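Here is the structure we will look at.
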Amino acid sequence: MIKHKNILKSIGIVTILLFSSISIAQQKQARIVEDFNKNWNFKLGDYPTAIQSNFDAKDWRTLQLPHDWSIEGAFDKDSKTKQAQGFLPAGKGWYRKVFTVPANWKNKTVSVEFDGVFKNSEVFINGKSLGIRPNGYISFGYDLSQYLNFGKENIIAVKVDNDAQPNSRWYTGSGIYRNVRLVASEKLHVGKWGTYVTTPEVSETKSKIHLEVTIDNDNVTAKEFKLVTSIVDAKNIEVANFSSTEKIGAKTTGKKVHDLVLNQPKLWSTENPYLYKVITKIYEKSKLVDNYETPLGFRYFNFDAEKGFSLNGKPTKIYGVCLHHDNGALGAVENINAVRRKLKLMKEMGANAIRMSHNPHSLEMMQLCDEMGFIVQDEAFDVWKKKKVTNDYHKDWDAWHKQDLEDFIKRDRNFPSVMMWSIGNEIREQFDSTGIAITRELAKIVKSLDTTRPVTSALTENIIEKNFIYQSGALDLLGFNYKHEDYKDFPTRFKGQKILASESVSALETRGHYDFPDGIKAWPVKHGAPFDGNADWTVSAYDQVKSYWGATHEENWKTIKKQDFMAGTFIWTGFDYIGEPDPYPFPARSSYFGIVDLAGLPKDVYYMYQSEWTTKPVLHIFPHWNCKAGQEIDVWAYYNNADEVELFLNGKSLGKKSKQNDDLHISWKVKFETGTLKAISRKDGKVVLEKEIHTAGEASKIDLKADKITIKNDTYDLVYVTVSTVDKDGNVLPNATDLINFEVTGGGKLVGVDNGYQANLDSFKANSCKLFSGKCIAIIQSNGKKENIQLKASTGNGISVGSLNIKVE
Ligand code: GAL
């Protein structure tokens, strides 16, 4: 179908109406959006004949998407995916679904939308190929209308080819790992990602809204229609509207523009992420033919070469974390509940920003950043034309980078949380002159679609003569990864440039494991030299082990904190992720870089950030108090909002300490003795907080703590249960390693277990999990039955069984 572009600017009168409604706005929905995740068949391997309607898929598994087959496999030292991807399998797989569409959809445009398929997907409808999509992170869709059997059965088949390995520097997952939707609209409708909203002027007194709507007319006749824009607030109350009468030719795509003004808008900020929505409606005569929602937030921000970043005029340091897309034990499977849990943990730590490392993330991730108040650095690529690993995206670069970048921007440009476009992470082309032209080309593509955010790139080379991406002059904001000692030179070296530490730290820790005495160790001393780590593949949690290119959390934060010109930083990483277990080889299979472990259990340094990045009172002491008699223990405390902390062992004071100069923690050397370690923080002589840790005795029962007490019976909702063994007084046994067996009955099923131990080779899909540093988690997902869920946990070694009831709503 050939479409002609016509761009019309609507002329009309802006009306600002509070609580108004227009007479034709009775009907609310015309567009049909259906969950298309259920009842797919799946089989590992290559089945080209599965596209045919008579193909027999009886022996294929039936499952609900999103699905990741890699996470179901076993860790294998010889896996083609190698260490970087966590030694899990990849390969090829096919998905197939039989579905019917109502006969009365015959006059509609029907499309299928995939949020992400890893990778090299090819989608077939009723035997016809709709297209291929090599990039595993990009969202895409196809118009199915001309191929569908209306009122009858249809077959959709998806081939996924993740066989060529290695193709990534981290765990990717394999399969249709994000959501799929079926969308039906009338032939006259808003196009795919067809709205673009900007706020050319923002203030608390008055803001301007500029909306561009791309409209597809798939009819064979020209159409006259009414285009209605209404702005609704967070309670869905209309606060402004505008309408215009428009014309569009047959089989044409056209762009229409609406400009509105809103008095006294509530601003979007990281503390109060107030969201409005733009509701776009198309009417033919008085019939609603399409409705479409676009997120809208009013905020203004600025990067300044001397003063760093500000949001709505307020100086704001970017307290950011980098995140990869995996959801721990769920693998790459996208689930909004898993993402919400991750972001909640980051928010409580005080983070106000997320860097989408190093690829487009899910729609849910973006929506939650809007809703929960995170500043987003949205990142498109980890490689351009020059490879990092044999089969990575460099192979698809020439054919696909333009379309992928355009689609990425179009999908994400309406999210108010997005404040930077990163065109690449540590791209090889920064080291040679080809980097100049590519940077300019990419920046031009971004600017053709959005000029409201700066274009940046995460660079490693800070010597001007050696950095060709910088030399392109096409970056609005310079992102530098690591080398924090060099920051002090940047204001003179990069005079007048806006600068951000796009990636920092890469320190390593294993939750709950402590090497005594503490003291900073760089890993490895020389690149390629063996790491003299621990025999059990653990790394001490004292924030003392750092990569040779990185810094400890404290070293880095002390530097960033003092430098006003530095907009902020993104810590590598908020969570451990599968893959990149450097410096250890197999059996280590997930990273050590997280502030929080893979299971979502915070490491101690989480509280260092909390004490610095929030104003809520913090007092965290560690390690645990089950050590060897007479052993000398380094007791650390992170605290804030106090002048001093006093430590007591079994009631006896071990002295008061306070942070000197730029200290971020205080510590005592304490001879271990069984009993109670207690810390009291005081300000002006008044107690701020008290914390006690006790030596735990014999295990007496299994303790189960769920993150919520009810679950929706929607087949997606999750409950995360933290499991530990406790003594008769309720003290957690910090060194317990018991194997816990799980049994789930009622309206839920066990979908993942994990203990955060980076070298654990047991399956994330097992019905049991060993405690590590005293803890593990069990993830329960609704199975759709409206029955309350019971989780039973047992050790089989005499510790009394734990049980937990979860109410299903
Ligand atoms: C960075 C890179 C990240 C990750 C990290 C590990 O250089 O950008 O993707 O590999 O190192 O320290």
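Note that Cβ sites are derived from N, Cα and C of the backbone, with glycine treated the same way.
Quantities reported herein were computed from a predicted structural model and do not represent experimental measurements.
Taken verbatim from TrEMBL:
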type   : residues : note
SIGNAL : 1-25     : signal peptide
DOMAIN : 34-183   : domain 'Glycosyl hydrolases family 2 sugar binding'
DOMAIN : 196-299  : domain 'Glycoside hydrolase family 2 immunoglobulin-like beta-sandwich'
DOMAIN : 307-457  : domain 'Glycoside hydrolase family 2 catalytic'
DOMAIN : 630-688  : domain 'DUF4982'
DOMAIN : 702-795  : domain 'Glycoside hydrolase family 2'
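Taking residue pairs at least 6 apart in sequence, the domain 'Glycoside hydrolase family 2 immunoglobulin-like beta-sandwich' (196-299) and the domain 'Glycoside hydrolase family 2 catalytic' (307-457) share three or more C-beta contacts under 8 angstroms. Residues of the domain 'Glycosyl hydrolases family 2 sugar binding' (34-183) grouped by DSSP class, helix first, strand second and coil last, total 16 helix, 60 strand, 74 coil. Helix, strand and coil content of the domain 'Glycoside hydrolase family 2 immunoglobulin-like beta-sandwich' (196-299), in residues and according to DSSP, is 0 helix, 74 strand, 30 coil. For the domain 'Glycoside hydrolase family 2' (702-795), the mean pLDDT of the prediction comes to 97. Assigned with DSSP, the residues of the domain 'Glycoside hydrolase family 2' (702-795) fall into helix, strand and coil as follows: 0 helix, 49 strand, 45 coil.
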